[in-house]
Amino acid sequence: MTPTATTALVLALTLAHHASLAAAAGPRVIIVGAGMSGISAGKRLSEAGITDLVILEATDHLGGRMRKHNFGGVSVEIGANWVEGVNGGKMNPIWPLVNSTLKLRNFRSDFDGLAENVYKETGGVYDRAYVQKRLDRANEVEEGGAKLSAKLRPSGQDDMSILAMQRLNNHLPNGPASPVDMILDYFKHDYEFAEPPRVTSLQNVVPLATFRDFGDDVYFVADKRGYEAVVHHLAGQYLEADKARNIVDPRLQLNKVVREISYSGSGVTVRTEDDKVYKADYVMVSTSVGVLQSDLIQFKPRLPAWKVLSIYQFDMAVYTKIFVKFPRKFWPEGKGREFFLYASSRRGYYGVWQELEAPYPDANVLLVTVTDEESRRIEQQSDNQTKAEIVEVLRSMFSGEDVPDATDILVPRWWSDRFYRGTFSNWPIGVNRYEYDQLRAPVGRVYFTGEHTSEHYNGYVHGAYLSGMYIRRRLMPNAEFQMTYMAPWR
C-alpha cells in the first residue's frame with residue numbers, strides 16, 4: 001500500500017470512527033474467531049481505545065486450536081502443545097506468559113538421544129553410529145540449504161522446495177528411500193511443518209525464523225488449566241470476567257457460526273447460522289486459512305480474484321497427535337528416551353513417538369504423531385482401527401516385550417472439523433512475497449489476521465499472537481499510529 005493510499009485510509013478510519021460513535025450504530029469492529037489471533041487483535045484494539053467490538057466464535061469455547069482435553073485422567077493438548085523457540089537472542093512473547101505470568105507446567109523436550117532410539121520394523125533398534133552418520137549428513141545438507149537460501153532474491157522468484165535443495169546438495173537425489181533415511185527426513189521436516197520436503201518452501205523455512213530469533217529449545221506444556229489458559233488470560237485483560245475468571249462479557253458471543261460477510265464502502269454486515277445479523281464499520285476475520293478455503297463463509301460481493309488466489313495458493317496442513325493409554329509401561333524411560341522413531345518402509349506411518357512419564361507420571365500414555373495424508377486417512381477410519389494399527393506397530397518395535405492391548409485412544413480430527421479444516425498453515429513452494437502480502441491484505445472493510453498472516457512465524461502460537469498484535473498497524477484511527485501504519489505489511 002502506498003503512503004498516499006495509507007494516509008487516505010487513516011483519514012477514512014478517523015471519520016468513520018467519529019461517525020459511528022455519534023450514531024451509536026452497533027459495534028465498530030466485528031472479530032470473527034476467538035482463537036489466539038482474534039483475542040490478541042481484540043486486546044490491541046481495546047488498548048487503542050476501540051472497545052466497541054463484538055467477537056463471534058463458532059464453537060463453545062475460547063482458544064481455537066489451543067485446546068485441552070481430559071484423557072485417561074490427565075489434561076492433554078489436542079492442538080498446540082509446545083512453546084517453540086526459547087533461550088535464544090530474542091524473547092518469544094509466549095514464553096513469559098506461560099512460564100512466569102501463568103506459571104503453566106512445562107517441560108523442555110529432549111531430542112538428544114534420538115540416534116539410539118530408532119526402531120526397526122522387525123524389532124530392536126538400529127546401530128547408533130549408523131543412525132548418527134545419516135543424521136549428521138542430513139544436518140550438513142540443511143546447513144548448505146541455509147547458505148543457499150540466503151543467496152536467493154528476496155522477491156522469492158528463485159525459491160525452490162526443500163527436496164530440490166536436497167538434490168542440489170547430492171543428498172538422496174531420488175528422495176529418501178531407506179527406512180532410516182525416510183524417518184529422519186520425516187522427523188526433520190514433516191514433524192515440524194506437517195508436509196513433506198517436496199511441498200515446503202526452502203526460502204521461507206530454512207533457516208527457520210522461530211529458532212533463529214528465539215532459540216532452539218522447545219517446551220512441552222502440560223498443565224490442567226491447558227495451554228489455552230494463555231488465551232483466557234489475554235481475553236481477561238479487556239473482557240469482563242467473573243470471580244472464577246470465566247469470561248462473561250457480552251461482547252464475546254460463543255456458538256455463533258458466521259456464514260456470510262457482506263461489505264461495502266459504508267460498512268459490513270455479518271450473518272450467523274442462527275440468522276442473527278451484526279453490523280459494524282469493519283470486520284476482522286481470524287479464521288484459519290483452511291476455513292477461508294472452504295465454503296463455510298460466503299463473502300458478498302465475492303472476494304476479488306487476486307485475494308481468492310492468494311488464499312487457495314497457501315497450504316493448510318494437518319498434524320495429528322494421537323494419545324494412547326495402556327494398562328502398564330513396556331517402553332524405555334529416562335534421560336535420552338523421551339522421543340523414539342519407527343523406521344517403517346512406509347513413510348510417515350506412525351513414525352514419531354513421545355513417552356510422557358515426566359509430564360504425566362504413571363499415566364501410562366504414549367503420544368504418536370502423524371501428518372498430511374496419514375492424518376487424513378486416519379481421520380476417516382474408526383478409532384478402533386487406529387488403535388489396532390498402533391498396537392501392531394508397537395508389537396513390531398518391541399518384539400521382545402509383552403505389549404498389551406491399548407485401553408483408550410484419543411484421535412483429534414482437525415481436518416474434518418468445518419471450523420478449522422486443519423491444524424496450521426505451511427508455506428508451500430510457489431508462493432512469493434508479493435503473493436503472501438496479498439494473503440494478508442484487506443479487501444475494503446474486511447481485514448484478515450491469524451497465524452497464516454504472520455510472515456516470519458506462520459504455523460506457530462507466537463505467530464498467531466503477533467498477527468493480532470500487528471492489527472494496530474492496519475486498523476488504527478489514532479494519529480500516533482499513522483507513521484507505523486504507513487510502514488509496509490509485516
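Glycine residues also receive a Cβ, built from the backbone N, Cα and C atoms like all the rest.
Feature annotation from TrEMBL assigns signal peptide to 1-24.
Here TrEMBL flags 36-469 as domain 'Amine oxidase'.
Per TrEMBL, FAD binding site is recorded for S37, E57, A58, V258.
Per the record's binding annotation for FAD, residues S37, E57, A58, V258 show a top Cα-Cα distance of 17 Å. Report note: the FAD site is defined by S37, E57, A58, V258, and the residues of the same chain whose CB lies within 8 Å of the CB centroid of those residues, excluding them, are I31, V32, G33, A34, G35, G38, I55, L56, T59, G64, K256, S286, T287, F419. For A58 (FAD binding site), other Cβ atoms within 10 Å of its Cβ number 24. In this view, S37 (FAD binding site) is surrounded by 34 other Cβ atoms within 10 Å of its Cβ, with every protein chain counted. Summed and averaged per residue, pLDDT over the domain 'Amine oxidase' (36-469) gives 96.
Around E57 (FAD binding site), the same-chain residues six or more apart in sequence whose CB sits under 8 Å from its CB are G33, A34, G38, L252, Q253, L254, N255, K256, listed in sequence order. Taking a C-beta cut-off of under 8 angstroms and a sequence separation of 6 or more, V258 (FAD binding site) has the following same-chain neighbours: V32, L56, A58, V270, R271, T272, E273, L296, I297.
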